[in-house]
Amino acid sequence: MRLVVAISGASGVNLGIKFLELLPQNIQAFVVISKSAKVALKYENNLAFEKLKNQENIKLFKNSDIAAPIASGSFQIDKMVIIPCSMNTLAKCAYGFADNLITRAFAVSLKEKREVLIAPREMPFSQIPLENMTKLSSLGVTISPPILGYYSNNSTIDEMENFIIGKWYDSLGIENSLYKRWKEDE
(Lines of atoms letter the chains of each structure in order from A and count residues from 1; the text may use other names and numbers.)
(Lines give C-alpha, C1' and ligand atoms only; values in the text may rest on other atoms or scores of the structure.)
Protein backbone atom coordinates (compact mmCIF):
# COMPACT_ATOMS: atom_id res chain seq x y z
CA MET A 1 0.00 0.00 0.00
CA ARG A 2 1.13 3.54 -0.81
CA LEU A 3 -0.32 6.07 1.60
CA VAL A 4 -0.19 9.87 1.82
CA VAL A 5 -0.07 10.93 5.47
CA ALA A 6 -0.70 14.63 6.09
CA ILE A 7 -0.29 16.13 9.53
CA SER A 8 -1.92 19.54 9.84
CA GLY A 9 -1.63 22.08 12.61
CA ALA A 10 -4.00 21.01 15.33
CA SER A 11 -3.38 19.72 18.80
CA GLY A 12 -2.98 15.98 18.56
CA VAL A 13 -0.06 15.97 16.13
CA ASN A 14 1.37 13.21 18.29
CA LEU A 15 -1.41 10.96 16.91
CA GLY A 16 -0.16 11.58 13.38
CA ILE A 17 3.40 10.79 14.41
CA LYS A 18 2.36 7.65 16.29
CA PHE A 19 0.22 6.58 13.29
CA LEU A 20 3.46 6.62 11.27
CA GLU A 21 5.58 4.95 13.97
CA LEU A 22 3.17 1.99 14.16
CA LEU A 23 2.68 1.71 10.39
CA PRO A 24 3.75 -1.70 9.06
CA GLN A 25 7.05 -1.51 7.16
CA ASN A 26 5.44 -2.87 3.98
CA ILE A 27 3.37 0.33 3.66
CA GLN A 28 5.10 3.21 1.89
CA ALA A 29 4.18 6.56 3.48
CA PHE A 30 4.49 9.91 1.73
CA VAL A 31 4.39 12.43 4.56
CA VAL A 32 3.59 16.15 4.61
CA ILE A 33 3.66 18.19 7.81
CA SER A 34 2.29 21.74 7.86
CA LYS A 35 4.14 24.65 9.49
CA SER A 36 1.47 24.85 12.18
CA ALA A 37 1.87 21.14 12.89
CA LYS A 38 5.61 21.66 13.34
CA VAL A 39 4.85 24.36 15.92
CA ALA A 40 2.45 22.02 17.74
CA LEU A 41 5.08 19.25 17.61
CA LYS A 42 7.47 21.40 19.63
CA TYR A 43 4.91 21.41 22.42
CA GLU A 44 3.66 17.84 22.12
CA ASN A 45 6.27 15.39 20.87
CA ASN A 46 9.23 16.82 18.95
CA LEU A 47 11.57 13.88 19.59
CA ALA A 48 9.27 11.34 17.93
CA PHE A 49 9.34 13.30 14.67
CA GLU A 50 13.12 13.11 14.52
CA LYS A 51 12.96 9.29 14.64
CA LEU A 52 10.64 9.21 11.63
CA LYS A 53 13.22 10.82 9.38
CA ASN A 54 15.23 7.59 9.42
CA GLN A 55 12.43 5.11 8.65
CA GLU A 56 12.93 3.52 5.23
CA ASN A 57 9.23 3.37 4.42
CA ILE A 58 8.72 7.13 4.97
CA LYS A 59 9.41 9.91 2.47
CA LEU A 60 8.98 13.47 3.75
CA PHE A 61 7.82 16.47 1.69
CA LYS A 62 7.54 20.16 2.51
CA ASN A 63 4.01 21.52 2.52
CA SER A 64 5.22 24.30 0.22
CA ASP A 65 6.46 21.78 -2.39
CA ILE A 66 3.49 21.97 -4.74
CA ALA A 67 5.56 20.14 -7.41
CA ALA A 68 6.04 17.03 -5.24
CA PRO A 69 4.97 13.72 -6.82
CA ILE A 70 1.90 13.41 -4.58
CA ALA A 71 0.55 16.65 -6.11
CA SER A 72 -0.15 14.78 -9.35
CA GLY A 73 -2.88 12.30 -10.16
CA SER A 74 -0.40 10.34 -12.27
CA PHE A 75 1.57 9.47 -9.12
CA GLN A 76 0.06 6.24 -7.86
CA ILE A 77 -1.04 6.19 -4.25
CA ASP A 78 -3.78 4.08 -2.71
CA LYS A 79 -5.14 6.19 0.13
CA MET A 80 -4.68 9.44 2.01
CA VAL A 81 -5.13 10.45 5.65
CA ILE A 82 -5.01 13.83 7.37
CA ILE A 83 -4.23 13.18 11.04
CA PRO A 84 -4.97 15.46 12.77
CA CYS A 85 -7.00 17.67 10.47
CA SER A 86 -7.16 21.29 11.61
CA MET A 87 -10.33 23.28 11.03
CA ASN A 88 -8.41 25.44 8.54
CA THR A 89 -7.37 22.40 6.49
CA LEU A 90 -10.88 20.97 6.79
CA ALA A 91 -12.40 24.18 5.38
CA LYS A 92 -9.89 24.34 2.53
CA CYS A 93 -10.60 20.72 1.61
CA ALA A 94 -14.37 21.24 1.76
CA TYR A 95 -14.21 24.23 -0.57
CA GLY A 96 -11.60 23.00 -3.02
CA PHE A 97 -8.67 25.19 -2.04
CA ALA A 98 -5.40 23.57 -3.13
CA ASP A 99 -2.87 26.18 -2.05
CA ASN A 100 -0.34 23.88 -0.37
CA LEU A 101 0.79 20.28 -0.73
CA ILE A 102 -1.66 18.90 1.83
CA THR A 103 -4.71 20.44 0.19
CA ARG A 104 -3.40 19.72 -3.32
CA ALA A 105 -2.80 16.03 -2.46
CA PHE A 106 -6.32 15.93 -0.98
CA ALA A 107 -7.84 17.46 -4.14
CA VAL A 108 -5.94 14.96 -6.28
CA SER A 109 -7.04 12.03 -4.09
CA LEU A 110 -10.65 13.19 -4.34
CA LYS A 111 -10.62 13.62 -8.12
CA GLU A 112 -8.88 10.26 -8.59
CA LYS A 113 -11.53 8.59 -6.38
CA ARG A 114 -8.97 7.41 -3.83
CA GLU A 115 -9.94 6.60 -0.28
CA VAL A 116 -9.43 9.52 2.11
CA LEU A 117 -9.73 9.57 5.91
CA ILE A 118 -9.58 12.77 7.92
CA ALA A 119 -9.38 13.09 11.69
CA PRO A 120 -10.78 16.50 12.64
CA ARG A 121 -9.29 17.64 15.92
CA GLU A 122 -11.43 20.24 17.66
CA MET A 123 -13.88 20.33 20.53
CA PRO A 124 -16.60 21.39 20.54
CA PHE A 125 -17.44 21.67 16.85
CA SER A 126 -19.29 24.77 15.67
CA GLN A 127 -21.85 24.63 12.87
CA ILE A 128 -19.23 25.59 10.24
CA PRO A 129 -16.89 22.59 10.64
CA LEU A 130 -19.91 20.29 11.04
CA GLU A 131 -21.19 21.50 7.67
CA ASN A 132 -17.71 21.09 6.17
CA MET A 133 -17.51 17.51 7.49
CA THR A 134 -20.98 16.75 6.12
CA LYS A 135 -19.96 18.08 2.72
CA LEU A 136 -16.77 15.99 2.66
CA SER A 137 -18.62 12.90 3.90
CA SER A 138 -21.10 13.27 1.03
CA LEU A 139 -18.09 13.19 -1.33
CA GLY A 140 -16.95 9.86 0.13
CA VAL A 141 -14.38 11.11 2.64
CA THR A 142 -14.26 9.11 5.89
CA ILE A 143 -14.64 11.47 8.85
CA SER A 144 -13.01 9.86 11.86
CA PRO A 145 -12.28 12.16 14.82
CA PRO A 146 -9.98 10.78 17.51
CA ILE A 147 -12.68 9.51 19.86
CA LEU A 148 -11.96 7.01 22.61
CA GLY A 149 -13.64 3.63 22.92
CA TYR A 150 -14.25 2.98 26.58
CA TYR A 151 -15.21 -0.70 26.26
CA SER A 152 -11.52 -1.63 25.91
CA ASN A 153 -10.83 -0.54 29.51
CA ASN A 154 -7.79 1.45 28.44
CA SER A 155 -5.91 2.82 31.43
CA THR A 156 -2.99 4.69 29.86
CA ILE A 157 -2.67 7.43 27.24
CA ASP A 158 -0.67 4.99 25.13
CA GLU A 159 -3.50 2.43 25.18
CA MET A 160 -6.05 5.13 24.35
CA GLU A 161 -3.97 6.34 21.41
CA ASN A 162 -3.51 2.75 20.21
CA PHE A 163 -7.29 2.30 20.24
CA ILE A 164 -7.79 5.37 18.05
CA ILE A 165 -4.98 4.47 15.65
CA GLY A 166 -6.19 0.87 15.50
CA LYS A 167 -9.66 2.08 14.49
CA TRP A 168 -8.10 4.26 11.75
CA TYR A 169 -6.06 1.28 10.53
CA ASP A 170 -9.26 -0.80 10.47
CA SER A 171 -10.95 1.85 8.31
CA LEU A 172 -8.00 1.78 5.91
CA GLY A 173 -7.79 -2.02 5.75
CA ILE A 174 -4.48 -2.18 7.62
CA GLU A 175 -4.28 -5.29 9.79
CA ASN A 176 -3.48 -4.55 13.42
CA SER A 177 -3.88 -5.74 16.97
CA LEU A 178 -3.47 -2.34 18.61
CA TYR A 179 -6.56 -2.56 20.80
CA LYS A 180 -8.89 -5.02 22.48
CA ARG A 181 -11.88 -5.55 20.24
CA TRP A 182 -15.46 -5.76 21.50
CA LYS A 183 -16.00 -9.03 23.37
CA GLU A 184 -12.69 -10.32 22.03
CA ASP A 185 -12.11 -12.56 25.06
CA GLU A 186 -15.53 -14.25 24.96
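The backbone N, Cα and C atoms fix where each Cβ goes, and this holds for glycine too.
The FMN site recorded in TrEMBL comprises Gly9, Ala10, Ser11, Ser34, Ser86, Met87, Asn88, Thr89 together with one of Arg114, Arg121, namely Arg121. Residue annotation for FMN gives Gly9, Ala10, Ser11, Ser34, Ser86, Met87, Asn88, Thr89, Arg121. The furthest Cα pair among them is separated by 15 Å.
Across the fold, the C-alpha of Gly9 (FMN binding site) and the C-alpha of Lys167 (dimethylallyl phosphate binding site) stand 22 Å from each other. The Cβ neighbour count for Ser86 (FMN binding site), using a 10 Å radius and every protein chain shown, is 25.
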